[in-house]
Structure formats: structure tokens, C-alpha cells
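The NAD(+) binding site annotation in Swiss-Prot covers Val18, Asp39, Lys44, Tyr69, Gly83, Ala84, Val122, Thr123, Asn124, Ser147. The annotation substrate binding site is assigned in Swiss-Prot to Gln86, Arg92, Asn124, Pro125, Val126, Asp127, Asp152, Thr153, Ala154, Arg155, Thr234. Summarising the annotation, Swiss-Prot assigns beta-D-fructose 1,6-bisphosphate binding site to Arg157, His172 and lists sequence analysis as the type of evidence. The active site, proton acceptor annotation in Swiss-Prot covers His179 and rests on sequence analysis. What Swiss-Prot records for Tyr225 is phosphotyrosine, and it gives sequence analysis as the kind of evidence.
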Amino acid sequence: MNNNKVIKKVTVVGAGFVGSTTAYTLMLSGLISEIVLIDINAKKADGEVMDLNHGMPFVRPVEIYRGDYKDCAGSDIVIITAGANQKEGETRIDLVKRNTEVFKNIINEIVKYNNDCILLVVTNPVDILTYVTYKLSGFPKNKVIGSGTVLDTARFRYLLSEHVKVDARNVHAYIIGEHGDTEVAAWSLANIAGIPMDRYCDECHQCEEQISRNKIYESVKNAAYEIIRNKGATYYAVALAVRRIVEAIVRNENSILTVSSLLEGQYGLSDVCLSVPTIVGVNGIEEILNVPFNDEEIQLLRKSGNTLKEIIKTLDI
């Protein structure tokens, strides 16, 4: 797509597992000319920056340095990964009050130096914190984006691809709603080469067993809990998901991604941030699509949204 705006500078707030890995994926991408890493632990950020810079001879030129909030000035995109970590057995919603308080300071500091960037929220619970960011920042709704279910959708497509033995990039399926326990698998639209998933399984003769919708859905929904149980945190795949969103913005691709953003009547939901198929380009949210999900999926999506709205009511924002 034509892109009259050149995006050069990205700031990452938070130099933990997700933030530093995100900086790494952006460094490898060749998309950005300047990456700033901000963290309350300056020593940790310095170490990450040093480690990244030692790989500079292997990538396209990019300036990477540890900064302060004043370095948000001039940033085209500010990615927020900072916040309390999710503990084993803790749901993303359990995190909300702790991270809302953290965000009050972060958003205030960002907008003090930059009120014209795109804010990309990654910290969990991402949908609620995307809404919190929208409210606290005063930014236009198209400039506040959550990573949403981009990762969940990738997990869904990967698991389906493993089952049917097809390249994951050729599996078309979405996880919508909350990035968390009430997320919805949109089976009605899942397809390979335009062939509905169930029909494809009947015709391809590659599947070793009949596809179990519930098994795959539960694997997607519980993936983060299993990874945290095994290694303590998730960061590789989510960093790649963030890179994909940044890529869509930088290249003005008008890509369709399941990012989280403010709904205003779509699917019968308002005043809540949720993930549905959305066109993402240089302006951030270009358009929220009206996708023909079936009635059950719409009802589950509304239930997901209303669950989050009840939690939002308890927050001091």
C-alpha cells in the first residue's frame, strides 16, 4: 500500500522478557531505524541494549539505546510491555488492578512527551489495559491498539495446521473476544483454501483422527498457562505477534489482524476493547470489520465483552 508517512522510531516500555524479545524481533525485521528501550530497572535495560547492539554487524543498521520517558518524543509507535508478571495459576484478569495502577504512571509519562504516536499495548490483561490506555491517554480510538488475540489466532492456526498437515500460513481461522479465558474460536469461518475445515478433513485424507474442536480450543486457551508452568513466561511468539502488528502499521499494509480496539456498536458491544478481525495500517485501526460469525459465536463474543465490562466498572479510571 502507498505510505506517505515514514515510521522510523519505536519505543518499547518494559525491558522484561516480552519487551526485550520484542526489541530483538524489531531489530531483525529491518523495519525500524531507531529503537528505544525504557525500564524502571536501568541496569537491566542497559544489559539488554548492550546484548542487542553486539549483534549489529549481522543486521541492517538500526540505532538501539536505553532511554527515559522523554525519549518517547518523536516516536511513531510506543509499545507497552511493562507491568506485573502473570504468576502460575493466575488468570489474566487477576492481574488487572495491579497493572491498572502501573499504567496510570506509564501513560501519564508517555503523553507528557508524545501525544501523536500509536500506542500498542501488550501487557496483560491486554483488552482491559487497552481500554485503560484509551481512557487515560485521551488519544483517538484508532491510535490505541492491543495485541489482542493475534497470538491466540496464530496458536489456533498452528494447531489446525498440525492436525491437517498444511502450512500454517494457509490456514484461515480466528480467535476473537478476550485474550484470555472467555476467548472464542470462530469455527464457522475456519477454512483451508476456502474449504470449510470439517469438509477439508473429510476430503484430505491426511488427518490421523477426527478433529476435536474442544481439544484444540482448550489447547489454545490454556497455552500460556502451560508455557508459564514449564518455563516461567511466554515471550517468543508474542514478540513475533507484536512485530507483525508493527509491520502492518509501518508498511501501511491494511492487513487484517485480530487486534484489540474500542468497539462502538459492532457485534452489539460498546465501550469495551475486544479482538475481532480489523484492518491495520499506518493510522493504526483503519476499520473494524463486520464478519458474519454464526449466532453462537456472536453470543459468546458478547458474553466475553460483557464479562470485561463488569471488571472495568471496578477500576478507578
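Glycine is treated like the rest: Cβ placed from N, Cα and C.
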Practice problem: Starting from each candidate's C-beta and looking 10 angstroms out, tell me which of the binding-site residues Arg157, His172 has the most other C-beta atoms. | Solution: Arg157
Practice problem: Please work out which residue of Lys44, His179 has the most C-beta neighbours within 10 angstroms of its C-beta, and give that one of the recorded positions. | Solution: His179
Self-check item: Residue among binding-site residues Lys44, Gly83, His172 with Cα closest to the Cα of Val126 (substrate binding site)
Solution: Gly83
Quiz item: Near Asp152 (substrate binding site), which of the recorded positions Val18, Gly83, Val122, His179 can be found within 10 Å, Cα to Cα?
Solution: His179
Self-check item: Entry from the binding-site residues list Val122, Ala154 having the most other CB atoms no farther than 10 A
Solution: Val122
Exercise. Report, in whole Å, the straight Cα-to-Cα distance of the residue listed as 'phosphotyrosine' from Asn124 (NAD(+) binding site).
Key: 13
Exercise. Find the one among the binding-site residues Val18, Gly83, Val122, His172 whose C-alpha lies closest to that of Thr234 (substrate binding site).
Key: Val18
Exercise. Going by Cα-Cα distance, pick out whichever of the recorded positions Val18, Lys44, Ala154, His179 is nearest to His172 (beta-D-fructose 1,6-bisphosphate binding site).
Key: Ala154
Practice problem: Within 10 Å of each Cβ, count the other Cβ atoms and name the one among the binding-site residues Val18, Val126 with the highest count. | Solution: Val126
Practice problem: Translate the DSSP assignment of Arg157 (beta-D-fructose 1,6-bisphosphate binding site) into the three-state scheme. | Solution: helix
